């Protein structure tokens with residue numbers, strides 16, 4: 001599983017930064033959070049693949065977070081995508097996409113399903129779930145939390161051999177949590193598996209001011225990607241525009257007992273993120289500043 005940053009600039013692109021777009025790739029599936037203008041260019045550079053199982057989660061309907069969906073859909077069609085795609089977002093997301101497809105008069109080579117956020121839990125399958133929390137921004141906006149479900153413990157090869165279990169399909173069944181029968185004896189998964197491994201938690205703030213609700217929402221995340229548009233010197237500007245400073249992001253992470261903080265969404269006024277990193281590290285020990293095409297392996 002890995003995080004891939006496709007765009008890390010706020011409001012407008014720079015020579016080195018595209019607009020907001022973050023991907024979480026796991027087991028051949030891509031979960032994309034926001035898609036600012038030209039997201040398809042960074043996506044192409046990432047090598048993530050055009051026909052993978054995919055879901056797009058939009059935090060809010062400001063152009064630097066959603067306009068890139070249109071180009072992404074068109075490019076995927078030109079690449080002959082056939083896999084269906086789901087899109088989740090705030091009220092208005094369906095009208096936004098449908099109107100643009102109609103006006104631009106382009107067809108898609110694959111089906112899309114658009115979901116308007118109405119509940120806290122918006123997606124769940126046997127391996128993970130996605131929850132939302134209202135962010136504090138200038139328009140309706142949501143933060144997202146990816147929660148991986150606990151995984152089976154590590155498979156003990158030596159124990160399996162001692163029990164006379166032939167390698168292959170029966171090993172796979174045990175690893176998937178199923179009982180098997182060997183020589184008329186029932187063997188339970190716990191006989192060959194270690195303790196269950198806790199799943200990972202990854203938070204994506206989108207554009208927001210810091211709030212106590214978000215601190216609770218992101219509690220004990222393994223990684224938290226948080227709005228860091230400004231430095232402390234522009235704290236008033238952050239408040240006026242409903243964004244956060246790097247130091248405020250670090251404070252949220254510290255209070256939420258987050259293991260690793262990733263700063264992103266930097267204002268184009270800054271040439272680099274040296275000061276963002278310095279200010280955040282005054283509060284939290286483990287801080288990364290995101291760059292376009294940065295990949296973070298999550299183990």
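Yeah, the Cβs are placed from backbone N, Cα and C, and that goes for glycine too.
Swiss-Prot names 64, 65, 207 as Zn(2+) 2 ligands; from the candidate set 265, 276, the record adds 265 to that same site. Within its own chain, residue 62 (Zn(2+) 1 binding site) has 139, 207 as residues 6 or more apart in sequence whose C-beta sits under 8 angstroms from its own. With respect to their backbone Cα atoms, residue 137 (Zn(2+) 1 binding site) and residue 65 (Zn(2+) 2 binding site) stand 13 Å from each other. Other C-beta atoms found within 10 angstroms of the C-beta of residue 265 (Zn(2+) 2 binding site) number 30, with every protein chain shown included. Residue 60 (Zn(2+) 1 binding site) and residue 265 (Zn(2+) 2 binding site) have their C-alpha atoms 14 Å apart, to the nearest angstrom.
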